[in-house]
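Written below as structure tokens is the structure these notes are about.
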Amino acid sequence: MIWVQAIAYFGVAVFFLVVSVKFLKYLSMPLHLRWELYPVPHEKYRAKYGGSYYEETEWWKKPRETSFAGELKEMLLEMLFIKRAFEYNRRLWFLTFPFHAGIYLMLLWFALIFASAAFEVLGVGLDLTNAASIVFGIGVTLLIFGTTALLLNRAIDRKLRTYSSPVDYFNLLFILAVAVTGLLAMRADMEFQHAKAFAVSLITFTPTGELPAAVALHTALLSLLVAYIPNTKMSHFIAKYFTYHQVLWEDTPNLVNSPLRERIALHLGYKVKWSAPHIRADLTWAEEATAIEPVLEVRALAERRKRR
């Protein structure tokens, strides 16, 4: 079953390569347009009522007190329990939460299987496959239910169907195929001894023995899915950190001689690469912000249209 191992290595390599490239790309992007909408969870004492350090007199002279625990709590609530969907779209939450919970349990199953394989390689007498069996059974059930529910929701909901593209359906069908073959693989390998042996072969870079057909099919499809996900919009998990920390929650004060002030000055020196009635492509952003001519041109155009 060397071909299954090759696909598994390929899937993992592509996943980490693409995720790393995207992460570095987002990390090196220019400053984002900050929302500065409160409350933000890192406000140590004012987050509960939506306040901020701007309430303080001469706040720029005082040290900021922030709470990493507040940010961590909010991120975990969103990542693990899909908090915003629960608050603002409860109907969707009942469909998307089982889907995401199933994915998280499958990730936990991976961790248990590979930990059990690592213990075997190290000669530690600790087998976690029994716990992995329970986690897998619950996880794959939730994943099949959640994926099927989201598919039907896209097909039935007229508003959602309007802006659903074929690739949206393909993504869910791909995940459903992996989940269903996972259920078949579980029937062929109830105690996950084949899964554990395969994990050992991946860790030690040694050939694996014959795998049941259902296990081989599931492993191959899963490996291809792992390679596929970061190349699609399902990779939003990469961007979520930046969306929250550099757009939604970013409120670092723009003070004189601060690194933020220096970055803003650098970005204001960039040339505008597009044009519109109120924009001139030959100016820098700083010049655009202070130039009056484009504004006058827009007003003159509006006046001419009124006369018609």
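The backbone N, Cα and C atoms fix where each Cβ goes, glycine too.
These features come from TrEMBL:
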DOMAIN    89-244  domain 'NarG-like'
TRANSMEM  6-24  transmembrane segment
TRANSMEM  92-119  transmembrane segment
TRANSMEM  131-156  transmembrane segment
TRANSMEM  168-186  transmembrane segment
TRANSMEM  211-230  transmembrane segment
Winner by Cβ pairs under 8 Å against the transmembrane segment (131-156), considering only 6-24, 92-119, 168-186, 211-230: 92-119
PLDDT averaged over the residues of the domain 'NarG-like' (89-244): 95
